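A short worksheet on the structure shown next.
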Amino acid sequence: MSQLVECVPNFSEGNNQEVIDAISQAISQTPGCVLLDVDAGPSTNRTVYTFVGQPECVVEGALSAARTASQLIDMRKHKGEHPRMGALDVCPFIPVRGVSMDECVLCAKAFGQRLAEELNVPVYLYGEAAQMPSRQTLPAIRAGEYEALPEKLKQAEWVPDFGPSSFVPSWGATVTGARKFLIAFNINLLSTKEQAHRIALNLREQGRGKDQPGRLKKVQGIGWYLEEKNLAQVSTNLLDFEVTALHTVYEEARREAQELNLPVVGSQLVGLVPLKALLDAAAFYCDKEKLFVLEEEHRIRLVVNRLGLDSLAPFDPKERIIEYLVPDSGPEQSLLDASLRAFVREVGARSAAPGGGSVAAAVAALGAALASMVGQMTYGRRQFDHLDSTMRRLIPPFHAASAQLTSLVDADARAFAACLGAIKLPKNTPEERDRRTCALQEGLRQAVAVPLKLAETVSQLWPALQELAQCGNLSCLSDLQVAAKALETGVFGAYFNVLINLKDMTDDVFKEKTRHRISSLLQEAKTQAALVLGSLEARKE
């Protein structure tokens with residue numbers, strides 16, 4: 001799974017289309033950056049850009065946009081309704097896929113330092129990247145706005161994190177940092193604005209003030225009336241959907257509305273949404289209603305229905321889910337995008353990758369998929385009605401493991417590429433040799449981690465496979481036999497891939513611990529596969 005970071009720079013220009021387009025072009029032409037949205041506000045005189053890419057790519061994209069803005073925006077002439085303190089007012093980095101918050105903090109720091117050095121402008125860090133508590137929030141840093149900067153920069157407490165403490169009239173100052181993904185989510189009500197606002201006050205974390213806090217953490221809220229749709233909305237911002245989820249906000253709003261005898265008529269997501277936010281909601285409704293829904297497409301359709309996301313306008317997942325707008329591949333083509341014929345051809349080509357690690361992952365993924373298939377060939381059939389609850393329990397682990405193992409096909413090739421890249425680093429000076437050694441050891445750790453994860457994933461499947469072998473559709477007997485051997489073979493491949501990469505590692509404690517773990521996982525795979533095959537043979541007789 002490729003890494004994906006979202007960057008949302010806010011530039012202080014919302015009227016001059018030539019400037020807006022020039023900044024868009026600067027982002028779009030940066031390799032590895034995908035521009036998803038450009039939202040220009042004439043009255044605020046501000047444009048919000050949304051683009052994504054791998055960490056190093058989005059830093060370059062933000063810098064390219066800033067360079068362009070420095071030539072075209074003059075803050076001495078800027079007027080607008082939105083608070084601002086610079087030509088590039090704020091530039092947050094947000095983790096979307098395969099990236100930690102710490103990595104986004106590094107993005108913000110790298111961007112801030114390079115921006116300050118290149119343009120010689122003051123830069124502040126906020127959010128998760130803040131260096132001091134007083135700079136945690138954007139409003140705190142932006143207090144007084146652009147007009148206050150000449151005096152503010154003279155104060156010791158407002159020395160920039162990067163760049164000069166001198167006022168740059170044409171630019172102002174920039175704030176950059178890292179934060180969680182913000183989701184704008186509105187619940188529709190057939191009510192008055194005041195009733196909607198009453199619900200919002202009960203829900204939002206701020207509540208009605210310090211003495212009357214609301215129920216939902218990391219949620220902002222207000223009630224308003226949407227004239228063009230002739231209904232009211234509880235309008236919320238979810239500052240961290242992993243603290244308070246979409247479905248939690250919706251269900252709590254419904255409960256509040258029910259107490260006031262008000263009808264809820266769906267909801268609205270504004271802008272883009274992370275896939276995980278919808279899948280978390282799907283898991284909630286599947287659990288609540290005891291539903292058996294496996295496919296991602298079906299789970300999203302369930303959420304659209306339960307939350308009424310299409311009540312005001314069609315909700316097209318391909319246009320609204322951020323991961324769907326960007327292919328899950330890095331700068332190079334993903335092996336998973338290739339046809340089976342092309343994948344086999346590439347394995348057989350005169351190159352070291354994809355190699356045994358990717359093949360082991362593919363074989364294990366097929367083994368898990370076969371087990372899932374057998375479960376589904378048993379589930380929902382009249383003669384196996386008595387097994388429905390059992391299959392509902394057994395199928396999901398195989399379905400999930402198949403997807404996880406499939407992702408390791410690419411992960412193994414990427415880990416090998418990282419090792420190869422480290423080996424090719426220069427080693428002419430002591431510093432270069434140290435840097436190369438560190439990079440190589442880190443690359444080897446990744447090259448060990450991928451096959452170890454394969455073996456650990458398969459290890460979780462043996463109990464379910466044993467049970468499936470004893471009660472699954474007997475007409476699929478050969479499929480389960482192949483599944484057992486495929487899973488065992490995947491672990492067999494993982495074992496040797498771990499050992500070959502451990503050989504060049506220098507951490508003896510890690511080597512011994514990992515060698516012991518992978519050996520036990522291989523022995524377990526051999527034993528469990530034999531037991532599954534024995535159970536199947538006994539049933540055949």
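Cβ atoms are placed via backbone N, Cα and C, with glycine included.
Feature annotation from Swiss-Prot across Ser28, Ser166, Ser520 places phosphoserine at Ser520. Between the C-alpha atoms of Trp171 (folate binding site) and Ser520 (phosphoserine), the distance comes to 61 Å. In sequence order, Leu115, Ala116, Glu117, Asn120, Val121, Pro122, Val123 constitute the residues six or more apart from Gly163 (folate binding site) in its chain with CB-CB distances below 8 Å. Classification of Trp171 (folate binding site) by DSSP places it in coil, neither helical nor stranded.
Asp412 (active site, for cyclodeaminase activity) is 21 Å away from Ser520 (phosphoserine) when you measure Cα to Cα. Counting every protein chain shown, the Cβ of Asp412 (active site, for cyclodeaminase activity) has 30 other Cβ atoms within 10 Å. Local packing around the binding-site residues Phe167, Trp171 was summarised as the count of other Cβ atoms within 10 Å of each Cβ; on this measure the leading residue is Trp171.
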